[in-house]
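J.: According to Swiss-Prot, the ATP binding site annotation covers Gly108, Ser109, His110, Gly111, Lys112, Thr113, Ser114, on the basis of sequence analysis.
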Amino acid sequence: MTTFHFIGIKGSGMSALAQVLHDMNYQVQGSDVEKRFFTQKPLEEKGIPIFPFQKENIKEGQQVVVSAAYSDEHEEVVAAKEQGLEIQSYPTFLGEFIQRFTSIAVTGSHGKTSTTGLLSHVLGSHCPTSFLIGDGTGKGAADSHYFVFEACEYRRHFLNYRPDYCIMTNIDFDHPDYFDDINDVFSAFQEMAMQVKKAIVACGDDEQLQGIHANVPVVYYGFNEDNDFQARNIEVTSEGTHFQVFVRNNHYGDFTIPRFGKHNVLNSLAVIALCHYENIPVEVLARELKTFEGVKRRFTEKTLGGQILIDDYAHHPTEISATIEAAKQKYPDRPVVAIFQPHTFSRTKAFLHEFAEALKQADHVYLCDIFGSARENKGSLSIEDLQALIPGAHLLSENDLAPLQDHRSGVLLFMGAGDIQKFQQAYEHVLTT
């Protein structure tokens with residue numbers, strides 16, 4: 001029996017795909033660096049072997065899947081080539097694999113992971129559904145009708161996919177180490193749109209997405225009246241957000257989600273529109289939207305003492321604004337404290353002023369050193385450049401987190417795509433010892 005060997009198995013997409021194949025009774029193993037990542041816990045729970053990188057991992061009879069983070073010079077890739085094994089990159093393998101199912105890609109500059117998780121939750125309650133989420137979560141079922149997966153635009157990886165459906169949440173300028181500008185990002189999404197086989201569900205409130213052309217129907221959702229699916233009469237309570245949905249100006253249903261912020265209403269609308277297209281009963285939608293518990297590292301809360309600690313992946317100004325808005329909606333009587341670790345020097349430099357404006361929406365701001373990519377040149381940029389643009393912002397080190405204790409009833413938002421979690425873990429240790 002063929003064994004799938006994943007080179008870089010701790011990557012979020014790789015981890016999720018390994019879990020999908022394991023659930024479908026394939027033999028799966030992988031290798032990676034020895035540093036611990038949150039993505040490896042589900043691998044360990046499923047008994048999927050994880051080895052340190054070494055060429056001896058490569059053996060006859062394997063099919064090799066390589067993370068896009070590793071080049072052809074990697075010792076295991078070289079060994080696989082020498083043995084004549086089949087080798088595919090993660091996007092190439094996934095692009096072929098999804099053809100077995102009714103495939104639904106979820107893409108966009110922001111909101112991909114949350115929307116993929118929500119759609120998987122709703123569809124999975126109705127019929128067998130496999131899914132691959134960017135938080136490292138994957139589930140496979142051989143009899144699946146649907147395969148829901150997160151499709152990343154970075155380096156145009158999503159052009160490896162030709163899905164039946166595609167949800168497009170928004171188009172924003174990000175990944176400045178690869179994309180030239182917003183027009184370059186749009187061109188990637190436009191190319192993706194031409195590869196979709198049945199229909200596209202897109203946010204009509206997004207100015208860029210309004211310009212998308214395709215050979216299949218484009219169904220728009222949003223708050224504006226000219227959308228096919230529109231959210232109206234939005235009410236925020238202590239339990240979450242209630243709204244009504246109108247389909248081409250006809251009342252379709254009332255929905256409640258246990259989440260806060262306009263972005264979560266939009267994510268829900270995307271799922272409602274896709275499920276309506278697939279004739280999923282409105283009763284199923286209403287029931288399942290109400291019970292979705294969220295995905296990893298997206299507004300993940302815990303209470304310690306009198307403080308609320310929230311872990312969030314927000315690493316772009318748009319995402320930071322959305323996270324702060326959600327915190328203020330849910331906890332209107334508490335001060336919101338932003339603890340932010342910028343991710344990559346290229347992104348920090350490109351959006352320095354936008355980061356400052358987004359963070360100013362918090363009541364207090366703490367900044368951690370920039371988390372740099374191993375592939376980039378630091379240059380002269382430092383965290384002090386961002387601090388200078390935010391009045392009252394403080395610098396925070398992992399060894400001195402005591403200032404956070406001053407905000408006794410605060411909502412502490414630990415935000416970033418690097419290793420901001422180690423700051424939260426260290427702070428939790430301070431509070432409990």
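Glycine too: its Cβ is placed from the backbone N, Cα and C atoms.
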J.: Using the structure shown, find which entry in His110, Lys112 (the binding-site residues) has the sparsest Cβ neighbourhood within 10 Å.
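T.: Looking at the binding-site residues His110, Lys112, the Cβ with the fewest others within 10 Å is that of His110.
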J.: Relative to the Cβ of Gly111 (ATP binding site), which residues of the same chain, six or more apart in sequence, are found under 8 Å away?
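T.: Set apart from Gly111 (ATP binding site) by at least 6 residues yet with Cβ under 8 Å, we have Thr169, Asn170, His263, Leu266, Asn267.
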J.: Out of Ser109, Ser114, which of these binding-site residues shows the lowest number of other CB atoms within 10 Å of its CB?
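T.: Across Ser109, Ser114, these binding-site residues, the one with fewest Cβ atoms within 10 Å is Ser109.
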J.: List every residue in the same chain as Thr113 (ATP binding site), at least 6 positions away in sequence, whose Cβ is under 8 Å from its Cβ.
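T.: Correct list: Ile133, Gly134, Asp135, Glu150, Val295, Arg298, Tyr313.
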J.: Other than its own, how many Cβ atoms are within 10 Å of the Cβ belonging to Gly108 (ATP binding site)?
T.: 26
J.: Beyond the listed site residues Gly108, Ser109, His110, Gly111, Lys112, Thr113, Ser114, identify every same-chain residue whose Cβ lies within 8 Å of the center of their Cβ atoms for the ATP site.
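T.: Nearby residues not in the site list: Val106, Thr115, Thr169, Asn170, Asn267.
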